[in-house]
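*Asks:* Sharing a structure below in structure tokens format, with a few things to ask.
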Amino acid sequence: MMRCGLKGGGRVASWGGDRRSPAVNPSSSVRMPAGGGGGCCSGLRSRASDVAGLEMASLRGGVGGLFRSSPRYGRLQATAAGASRVDPEDIPLEKVQVKSSGHVLPYVGVACLGAILFGYHLGVVNGALEHLAKDLGIAENAVLQGWVVSTSLAGATVGSFTGGSLADKFGRTRTFILDAVPLALGAFLSATAQDIRTMIIGRLLAGIGIGISSALVPLYISEISPTEIRGTLGSVNQLFICIGILAALLAGLPLAANPSWWRTMFGIAVVPSILLAVGMAFSPESPRWLFQQGKVIQAESAVKRLYGKEKVTEVMYDLRASGQSSSEPEAGWFDLFSKRYWKVVSVGAALFLFQQLAGINAVVYYSTSVFRSAGIASDVAASALVGAANVFGTMIASSLMDKQGRKSLLITSFSGMGASMLLLALSFTWKALAPYSGTLAVVGTVLYVLSFALGAGPVPALLLPEIFASRIRAKAVALSLGMHWVSNFFIGLYFLSVVNKFGISTVYLGFASVCALAVLYIAGNVVETKGRSLEEIERELSVVD
């Protein structure tokens, strides 16, 4: 049986053979046939936003068919909140297997405006910092400049924790619309700031906005994507974060000729924020959230818009079979730490901790000095090389996500990252390699970022909404991403001190060890989810109290 760290934590419900049948909504009855069944620090501050963008795995063919049909399913007689419009006795298999005529991609594209804003708000401060510091009178105050950069990370931490509760209470699309407010207002205040206080408030609001979107974008994409291409579409999130960072880099090009251009750079972000709100006003709500709320008619309408009317019977059948319309109350934060959910929630938190502790901060922070040692003096060129490696790796990951699987990519990714860290450590210490140290360091850096983009970057944000039960999905994703932001903050805070005390080579070896531990942990605890509907995964990982 596939597992996700659920040993000794109760019974695992699963379809098939001699396994136990899943718990189903008490108001439903299911009848089945027998047998059914992841050396200097001068570039530290300027690279911080690049790091956060790279770390987010933050993106997870044809758009035909949401769920795999299965002859194992028998008849289902169910009601959700007293309403039902589908009689599963009338489900012919040939109807279940029909291709979808719906259109998911436009709505994924609207959601990815949140990912673009994520990357843009993190990256825009890089080129603008020097010029805004002069205009706001803080050119000689490194502490306040640091606040301008790091305030967005603090806001993102707050936003990531609140995003889950908002998504559960108001729904996914309405939370996107609410999220557009701090994103747009933060951009406007930053663009019009006449003093440092207003700038910091603007950056804080923008940070809250990107924190909410960091949890909401992968959650929404995962819940509306067809099973067959859910991994590919989920990976788009990471790709659009990279596009947002690249857009911020390009937006800074006119600064050399016009130092006041930094205000326009911040103001540009208002436009996609408004487009996000308008687009989500016309986008369908997640059918899974609607069904969980007992809004069956609205869920059927959303399914029809997303996948076509011919898929309504199949999708609604699968939702009822998963027991998502149960009478259980909405999950609270403390429920995430209960025996029923903690094992799977701990996997989500661990993936993001491994992502942070595996050294992405170190590689990006040191990329400028590494490239300069190889004769590449331009910071823009260094950013371009790192960004190109990240985009290329993400594109490869997108094409392989639904073929090789999430778990396989995570193991490959952390293995490549560990090998790259060893190469970087040796390039700094092994005297025999001294004549080639600059070249080897660049190769190690590019290979590390490429490996990161193959799995450790995009997969966690995709995998988490897949393995979490619908009742806890939004809050569990928010908790895991909160761990991401908290660990990101503390690593950035203490990284320089650790390097100064132990040396960069020793630190790189430590990161290589973390990568090795990550491979062992993933191999033993992470479940493969490719080609399986969210409902199938939920049944497989359900722990009965």
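Backbone N, Cα and C atoms are what each Cβ position is placed from, and that goes for glycine too.
Where the annotation comes from TrEMBL, it is an automatic prediction and has not been curated.
Pasting the relevant annotations from TrEMBL:
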COMPBIAS  1-11  compositional bias 'Gly residues'
DOMAIN    107-530  domain 'Major facilitator superfamily (MFS) profile'
REGION    1-29  region 'Disordered'
TRANSMEM  104-122  transmembrane segment
TRANSMEM  142-164  transmembrane segment
TRANSMEM  176-194  transmembrane segment
TRANSMEM  200-221  transmembrane segment
TRANSMEM  233-255  transmembrane segment
TRANSMEM  261-282  transmembrane segment
TRANSMEM  344-368  transmembrane segment
TRANSMEM  380-397  transmembrane segment
TRANSMEM  409-428  transmembrane segment
TRANSMEM  440-464  transmembrane segment
TRANSMEM  476-496  transmembrane segment
TRANSMEM  502-523  transmembrane segment
*Asks:* What else in the chain is close to the transmembrane segment (176-194), if you only count residues 6 or more beyond its ends and a Cβ gap under 8 Å?
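*Replies:* For the transmembrane segment (176-194), the far contacts come to 111, 114, 117, 121, 132, 136, 159, 163, 166, 170, 201-210, 212-213, 216, 220, 263-270, 273-274, 276-277, 280-281, 283.
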*Asks:* Between the transmembrane segment (380-397) and the transmembrane segment (344-368), do 3 or more CB pairs sit under 8 angstroms, pairs being 6 or more residues apart?
*Replies:* yes
*Asks:* Within the same chain, where does the transmembrane segment (440-464) have neighbours whose Cβ lies under 8 angstroms from its own Cβ atoms, ignoring anything closer than 6 residues to its ends? I mean 6 or more beyond.
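*Replies:* Sequence-remote neighbours of the transmembrane segment (440-464) are 38, 54-60, 214, 218, 222, 230-231, 234-235, 237-238, 348, 351-352, 354-355, 358-360, 363-364, 366-367, 370-371, 373-374, 376, 385-386, 389-394, 396-398, 400-401, 406, 409-417, 419-421, 423-424, 426-428, 433, 476-477, 480-481, 518, 526, 529.
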*Asks:* Residues of the same chain, at least six outside the transmembrane segment (261-282), with any C-beta under 8 angstroms of its C-beta?
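*Replies:* Same-chain contacts beyond the flanks: 110-111, 113-114, 116-117, 120-121, 124, 127-128, 131-132, 135, 173-174, 176-177, 179-181, 183-184, 186-188, 190-192, 202, 206, 209, 248, 251-252, 254-255.
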*Asks:* Cβ under 8 Å, sequence separation of at least 6 from the ends of the transmembrane segment (142-164): give me the contacting residues as numbers and ranges.
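*Replies:* Tertiary neighbours of the transmembrane segment (142-164) are 45, 48-49, 52, 121-122, 125, 129, 132-133, 175, 179, 182, 196, 199-200, 203-216, 474-479, 481-482, 484-486, 488-489, 492.
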*Asks:* Using a cut-off of under 8 Å between C-beta atoms, tell me which stretch among 233-255, 409-428, 502-523 contacts the transmembrane segment (380-397) the most.
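*Replies:* Between the stretches 233-255, 409-428, 502-523, 233-255 has the largest tally.
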*Asks:* Over the domain 'Major facilitator superfamily (MFS) profile' (107-530), what is the model's mean pLDDT?
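*Replies:* Mean pLDDT for the domain 'Major facilitator superfamily (MFS) profile' (107-530): 85.
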